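First the structure, in the form of structure tokens, and then the observations on it.
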Amino acid sequence: MSAASEKAAPCPICGRPSEPAVAPFCSARCADIDLGRWLSDRYVIPTDDEEESEPPQKRSE
Ligand SMILES: [Zn+2]
């Protein structure tokens, strides 16, 4: 039986064994990295292309 090593899932950030205190991460640093990614994902600014949908085309006539 080897349930001890299979109990904890690896850290999604670095792949190390996760620590219960900061599960599912292995350390507070990895948890912080994941949080940063999550925040940066939320802060994605939708590109406003409406203003540039019609580029100023100079008539060459
Ligand atoms: Zn980690």
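Cβ atoms here come from the backbone N, Cα and C positions, even for glycine.
For Cys11, Cys14, Cys26, Cys30, the entry in TrEMBL reads Zn(2+) binding site.
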| note | Out of Cys11, Cys14, Cys26, Cys30, the listed binding-site residues, fewest other Cβ atoms within 10 Å surround the Cβ of Cys14
| query | For the recorded Zn(2+) site formed by Cys11, Cys14, Cys26, Cys30, which further same-chain residues have Cβ atoms within 8 Å of the site's Cβ center? | reply | Pro10, Pro12, Ile13, Gly15, Arg16, Ser18, Phe25, Ser27, Arg29
| said: I want to verify one value. Collapsing DSSP to three states, which class is Cys30 (Zn(2+) binding site)? | reply: helix
